[in-house]
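Taken verbatim from TrEMBL:
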- 1-23: region 'Disordered' (REGION)
- 7-21: compositional bias 'Basic and acidic residues' (COMPBIAS)
- 68-480: domain 'Major facilitator superfamily (MFS) profile' (DOMAIN)
- 105-123: transmembrane segment (TRANSMEM)
- 135-153: transmembrane segment (TRANSMEM)
- 159-182: transmembrane segment (TRANSMEM)
- 194-216: transmembrane segment (TRANSMEM)
- 228-250: transmembrane segment (TRANSMEM)
- 301-321: transmembrane segment (TRANSMEM)
- 341-360: transmembrane segment (TRANSMEM)
- 367-385: transmembrane segment (TRANSMEM)
- 391-412: transmembrane segment (TRANSMEM)
- 424-445: transmembrane segment (TRANSMEM)
- 451-476: transmembrane segment (TRANSMEM)
Amino acid sequence: MDQIALDPKHLSPESRQDSHPRTVTWTGLDNVEESKQSFNYSFDNQTRVYVPGSLEEKKLVRLIDLHMLPCVCFLYFLNYLDRSSIGNARIGGMSKDLHLSSSDYSLAVLVFPIGYLLAEIPSNMILSRIRPSRFIPVITFFWGLVATCLGLVKTKTDLVGVRFVLGFVEAGFFPGVLYYLSSWYRNGELAKRIGIFYTAGIISGAFGGLLSGTVITNLNGARGLQGWRWLFIIEGVVTMFTSLVVVPLLPDWPSNTKWLTAEQRALAQARLNAEAPRRFKLDKPLTHLQSFKAAVGDWRTYIFCFMYTMIVSANSVTYFIPTITVSLGYTGQKAQFMTVPVHLCAVFSIIFGTLSAAYFNETAFHIAIPTLISGIMYAICITVTDPLPRYGLLCVGFGVIHGALPIVLTWLSKELGYPDSKRAVCQAIVNTVGTLAMIYGSFLWSTPPKFTMGFIALTVFCLSCTASVPIACFLFSRYPSGNFEAEGNDADHHDEKDLATPDA
């Protein structure tokens with residue numbers, strides 16, 4: 001029986017210290033029915049044995065779900081709404097009022113990811129060392145403030161500038177929440193939670209069409225403002241208000257969430273450490289530079305960068321769906337409403353894909369098949385010009401590939417989960433590289449009404465991701481530690497040997 005004593009400050013992000021120190025001991029048991037592992041953990045003068053799937057654990061997970069998921073999901077709903085409403089505003093009169101050409105609009109879309117790129121990695125590095133219950137609401141308040149300013153722009157220069165700032169202040173949210181979730185949930189629980197979280201953004205896209213059509217039509221001219229301006233103002237004000245509401249609801253980290261009992265904090269840490277690698281422990285928390293070096297020095301990071309970037313590249317059509325619906329012959333409020341079914345297809349795909357991946361405990365197949373189907377749908381769109389069939393193909397292609405994205409993020413957390421600060425940087429790097437897709441993706445849809453270049457590009461992106469999955473499976477299987485010299489001997493090698501010391 002192997003026993004390894006781990007300092008509890010390493011059970012959650014390295015810099016977090018619990019005010020009630022815990023001693024947690026790994027006990028390797030081969031006959032535990034559910035996980036073949038158990039944990040003896042002590043708090044105060046009591047000892048508990050952690051076995052995955054216990055009633056105590058289920059109660060704890062439900063408690064975390066009730067506090068965390070509604071908050072982060074609604075915030076992502078607003079996040080997606082604030083960034084993507086520019087597409088609805090464009091066909092709702094913004095282009096005419098600001099005298100925007102097609103290139104001007106593409107520039108306004110392009111500068112958002114540039115601001116995003118600058119802040120993602122630093123933001124996640126900061127989050128790993130401070131309280132998320134404060135960090136997430138603060139950035140939410142500021143992006144709501146900036147989104148409100150979009151309703152006050154007077155020129156296309158103003159629009160471009162505000163969009164850049166919006167990208168900068170929103171950058172920390174999505175990768176930050178991914179890190180946040182992976183710091184609370186075990187691998188088998190993570191796909192479903194990431195799927196629920198990501199679904200909130202897609203529902204926002206569907207709701208955005210309904211909201212935009214209603215606001216732009218009914219509030220146009222109210223108090224002397226165009227309807228598209230009211231759209232941005234309403235969304236921004238709601239975001240700022242919500243940022244204040246979620247502060248007392250969000251948990252911090254497993255080691256220091258005040259509304260958990262001491263026993264619950266100890267259990268939250270023990271259940272996470274059950275999946276931590278036994279082969280090393282950190283002598284001290286990693287510095288920002290060490291975390292960054294560990295992330296960029298792991299070749300697996302770049303495998304996930306490629307897969308994620310291909311999917312995000314295929315999703316670059318998001319900002320142009322309202323424009324495509326107009327090219328299919330729909331106008332006015334109907335064009336806004338026709339964006340709704342496209343996003344509902346994505347919602348169904350995410351729910352089905354993440355539930356299936358969690359049930360079968362499988363990731364690769366759930367990435368390869370959706371990307372293959374989407375690639376085929378977009379390839380057919382190249383030759384089909386009839387509005388109704390093309391719209392149907394767009395719904396399927398756009399919807400199905402969205403089911404693969406949360407699975408990629410779950411796979412990343414499984415492969416690159418430890419140390420925690422390294423995982424934070426890896427998630428930020430992958431999301432940052434993927435954000436580049438929004439830069440070149442904004443120029444793929446400038447050839448209406450067929451948009452041939454855009455659909456060709458989407459086909460290539462989808463099929464490239466499909467092809468990368470078996471390659472990733474082979475490499476991860478052959479070199480499970482991320483060390484090319486390991487030759488599959490994960491028990492004796494590790495990818496952090498310059499940052500960790502072997503256990504006795």
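Don't overthink the numbers, they just go from 1 along the chain as shown.
Here the Cβ of each residue, glycine as well, is placed from N, Cα and C on the backbone.
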Listed stretch, out of 135-153, 301-321, 341-360, 391-412, 424-445, that has the most CB pairs under 8 angstroms to the transmembrane segment (451-476):
301-321
Need a quick answer: max count of Cβ pairs under 8 Å to the transmembrane segment (135-153), which of 105-123, 228-250, 301-321 is it?
228-250
Across the domain 'Major facilitator superfamily (MFS) profile' (68-480), what does the mean pLDDT come to, as a whole number?
89
